[in-house]
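Listed in TrEMBL:
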type     : residues   : note
REGION   : 38-153     : region 'Disordered'
COMPBIAS : 117-138    : compositional bias 'Polar residues'
DOMAIN   : 434-784    : domain 'RNB'
BINDING  : D446, D455 : Mg(2+) binding site
SITE     : D454       : site 'Important for catalytic activity'
Amino acid sequence: MADASICSYTDKTSYQVTCTEDQGIKPGMLEKHARMELHKAAAPKKVPSKPQHKRNEKDIKISSNLVGSEEGDSQQLSCSCGEEQAKDKSKKKRLKGNLAKKDEGECGPEVDVITGKSPNKNIKAPQTQASKESLLQNNKDKGTKSGRGSRKQLFEEYMRTEDVSAGLERGELIKGVLRINPKKYKEAFVPSPDGSADIFLDGIAARNRALNGDVVVVKVLPPEQWKEVSGDINERTLANQMVPKAPDVIVEARYNEDDEVIGKMKNVCLHDKAPVTTQSVKHGSAFNISGSSSERAMQRTGKVVIIFEQKHSRAASGFLKFLPNKNFAMFSPVDHRIPRVNVPLVDCPADFVSRPGDYENVLFICRITHWPADNNFAEGRLAKTLGQAGEIEPETEGIMTEYDVDFSEFSEEVLNCLPQDLPWSIPAHELSRRRDLRKECVFTIDPATARDLDDALSCKQLSDGNFEVGVHIADVSYFVEEGSVLDQIAGKRATSVYLVQKVIPMLPRLLCEELCSLNPLTDRLTFSVIWKLSPEGKILSEWFGRTVICSCIKMSYDHAQSMIEAPDKHFSAEELPPCSTNHRIHEIKEAILNLHNIAKQLRAQRFESGALQLNQLKLSFSLDKESSMPQGCYVYQYQDSNKLVEEFMLLANMAAAHQIYRTYPELAILRRHPPPQSKMVDDLQEFCDQMGLDIDLNSSRGLHRSLNENLGNDEYAAARREVLTHMCSRAMQMASYFCTGALKDENSFHHYALNVPLYTHFTSPIRRYVDVIVHRLLAASLNCGPPLSLSLEEVHKLASHCNDRKTASKRVQELSSELFFAVFVKECGPLDSEAMVMGVLDQSFDVLVLRYGVQKRIYCNSLEGLKAVHFRKVGKRPEMTLVWEQADPSKESTQQEISIFTLLNVQLKADGAPMKYSAVLKRPSALI
């Protein structure tokens, strides 16, 4: 994993697929205004009506499976006080389907979205946006109210902007990002500014039409309205925290989430395998649950008084339900955190009224335009028909639309900004202004399928025994002129989005795959940092400047790894990609080996100095070239060749940060990572102590050493490390871009995971817009480019926008991976694997499926043959006893103990709902 600092590399990993054909991106831009043309091409043939596609709360966990839930509630350290709801929701899986349930009023006022306004696509100051949105919404509500007569107002009017400002200044109000629990959509949370337990928003009314991810202002309710919860409040906060599986700030790596992985984990076995003992259990045949925590605590509750800034796209994918005698249909989102929406029949397919059953399994995109204060349902317009639910492309388009990913083709106006005379060559006057490195041994190391090669390396030994090492980055800023239409669209997209089967590029393909990509045997413009390094990695000198290179070979990570593993082997030309005749293979191999040796020194020094690396698993797929369907999946192997590239990218990013901050102390755009929240760290430390784990959470250095040295060296050490890493990531905060002029305290610039004072992103300008800005700042600081025309306020807004788009991109990437894995389970399952328990609740437990690296929750009430469940807590350590019925009624029941790190056998199998799968605990062998 890496901080977004090297997010580009994470992106590369996401595109680790066997197929070499990148599918074109053809869908057009969605309509975003009231008048939208509905695409009917995806409407199915006339077929008999099928049962409505089932979608329940358990299914809508929005992705904790593959790379972890964004809300982070699918793995918990202890009991959740809301497990009764989870039980009910898992039972609903066997009922009729969610649309029918909603129509019967099951959800009642429990819809969870916000004011329906078309998302503002511009990057605006939050204060202006809050003022405008609240004003418009209140005006709409007043108008609606007068028209509806006596309808009861369900939501409060938003507070006036001036009152909000005064309340925030006096500390009477709290501003923060709203997180809605994807499993229990009545529950929402806003972080407390002082790092203490989150403020709990109980019910839909308390959210006041705000959607997940919105920045809201909350008023804390009086103590008599606070909520009594079981166990430690902080554990509840942890359970529902919106933390991606691998907070992009925890690790700086070429691959965000995959440092030292567990391979395929097929033959692991842990000493504390779940014991199966035969003990008499005096229970009847009915399923029975006992045990609860005696600890009680009060959690602060609050209510939303204004939506400070809309972050949610107000778009959702879902299904249509016909309502007799109405001039509108009901749109039911797949994501239950979003309310049902009334959409006009004129937006629906022409034959929807006469044949509604034909569309029961068809996905649509709806955009919320308004949510009246007196209605549980929002109002909106259909934007598009996606196609059949359960198919990869419709589901993928739905994901991208919900997260506001612009996947449209680039306009003619944008393409006109590109060089028109092709094939393009470097102008002579540009060559004369650059340092010419075309005769140097420069090469790229990337995933085998990568097409956007934005970094290259060089290394040659000097006569004094030291090394000249270069990092050469594609000079994207040469082609993307500041203020141009191309620059504007790149800034709006902010990042490329890496799906399993394709890439949604930030820049037109002519740039990202050709003119900027450091393709082999081709002259390319670069921005370089060149050091003189000692064999131990000590920097003796440093040079920054614009250069021109000609890469001699495109190496894959596997090629470089083979050289590292066999340093004495003679590699033939047939074993490697095409290579320049100007450089022998032996010369390239020596450069890689020297880089590897220096990288090991740099890495050791980083961790000794206090850097932290939290290693988490990443799933990769091999795809069919024709259909792009998954043919196989595997846990990605993070190797020494990955670490080699990572170290020099980190070094370059740190060097760039110091250079631009030194020259532009008010305008530099850097990346900071705050330390973890102290209360959560204290609770986690107590938990680890009670688990008997020797984990030092007092510093990043201590934590890194604990995870890598104190968890044993048996076959299961890596699995235990993964489980504990997941727990530790809960307390971690996210890294973020910021403008140095906007933060006055230089200590707050610090990057906790790297343990360095200054850090930025310089190495991936093809896929990250922040890097383009950093390149412009660098060029200006070196007098080889014009000054940046942006003001401090504009850089601040840009940093915020890039943070938002990076978070959305990461989430889309995770959901794409989960989508493909669900298809793989459906096509190739059931799949058997060993699993390790990650968290225990009162009626369910979370497991890490070792063979595939996915995380799943197993609900006790879904286990056949289970007679009773006994949950208990010893201090903060949750434990559970499962009581199984014997196949022979004359025999006594059998007990199975479940706790953190317990090893189990599970089976992954497809659910009835498209794109959903579940993990089922296999009965102990003693009972079979």
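Cβ atoms are placed via backbone N, Cα and C, with glycine included.
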Recorded positions compared (D446, D454) - the one with the fewest other Cβ atoms within 10 Å: D446
Rounded mean pLDDT for the residues that make up the domain 'RNB' (434-784): 94
Proximal but sequence-remote residues of the same chain as D455 (Mg(2+) binding site) (Cβ under 8 Å, at least 6 apart): T444, V471, H472, I473, A474, L518, V645, M649, T763, S764
Cα-to-Cα gap, D446 (Mg(2+) binding site) vs D454 (site 'Important for catalytic activity'), nearest whole Å: 9
